[in-house]
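Take a look at the structure below.
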């Protein structure tokens, strides 16, 4: 479990493609007091640290994870958001983020204080004004929604301390809706579906 508060923006320094998986090495300056088995959010993707060589953190990526996330498009030099898993007693500064990416969205416009995204169809029911969403692992509040387009308000601190400061229009991002919102919407949809069946 994560909080959506990014602790470091790090650089992908190594990519090793295998037949049905891949290995990535991320150069981190701050989050190096870790051991194999530690859980990380890498751009919102829950990954397990396999090994550490000085400042280089190694993660294995499954075929399923590649299919559902932007990690398959990484190149050497890609900047990624890192967060260690929440531990007992840690402050939850954002919202609970599972690290299970549900879809890939696209940045369609960038303004001084706002960023606009196009959401994949499967996430549209869970994108509600003033609700939470994790974008590349960052806990953000949704400002406005129109169909599959929504905006978030960004303060300069968020741009400076996350990979969003490196993103351009057209970039793809990992999206995970707020789990509480998703559970409530799914429950309501299931209730109405069962009601229709019973008629």
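If you go along the chain as it appears here, the first residue is 1 and each next one adds 1.
Every residue gets a Cβ built from N, Cα and C, even glycine.
Positions annotated as 2,4-dihydroxypteridine 1 binding site by Swiss-Prot, on the basis of similarity to another entry: 4, 5, 6, 139, 140, 141, 153, 154, 155, 156, 157, 158. According to Swiss-Prot, the 2,4-dihydroxypteridine 2 binding site annotation covers 46, 47, 48, 60, 61, 62, 63, 64, 65, 99, 100, 101, 130. The feature repeat 'Lumazine-binding 1' is assigned by Swiss-Prot to 1-95. For 96-188, the entry in Swiss-Prot reads repeat 'Lumazine-binding 2'.
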Residues of the repeat 'Lumazine-binding 2' (96-188) by DSSP state, where helix covers H, G and I: 26 helix, 38 strand, 29 coil
Among 61, 63, 65, 100, 130, which are recorded as binding-site residues, the nearest neighbour of residue 4 (2,4-dihydroxypteridine 1 binding site) by Cα: 100
Least Cβ-crowded entry, counting other Cβ within 10 Å, from the binding-site residues listed as 6, 46, 61, 140, 155: 155
Secondary structure composition of the repeat 'Lumazine-binding 1' (1-95) [DSSP: H/G/I, E/B, coil]: 10 helix, 44 strand, 41 coil
Residue 130 (2,4-dihydroxypteridine 2 binding site) CB neighbourhood, other CB atoms within 10 A: 9
Rounded Cα-Cα span from residue 100 (2,4-dihydroxypteridine 2 binding site) to residue 140 (2,4-dihydroxypteridine 1 binding site), Å: 16
Rounded to the nearest Å - Cα separation of residue 157 (2,4-dihydroxypteridine 1 binding site) and residue 46 (2,4-dihydroxypteridine 2 binding site): 24
Extent of the 2,4-dihydroxypteridine 1 binding site in Å [max Cα distance among 4, 5, 6, 139, 140, 141, 153, 154, 155, 156, 157, 158]: 17
Cβ packing number for residue 65 (2,4-dihydroxypteridine 2 binding site), 10 Å threshold: 20
Separation of alpha carbons, residue 153 (2,4-dihydroxypteridine 1 binding site) and residue 63 (2,4-dihydroxypteridine 2 binding site) (Å): 33
Residue 130 (2,4-dihydroxypteridine 2 binding site) and residue 153 (2,4-dihydroxypteridine 1 binding site), Cα-Cα, nearest whole angstrom: 11
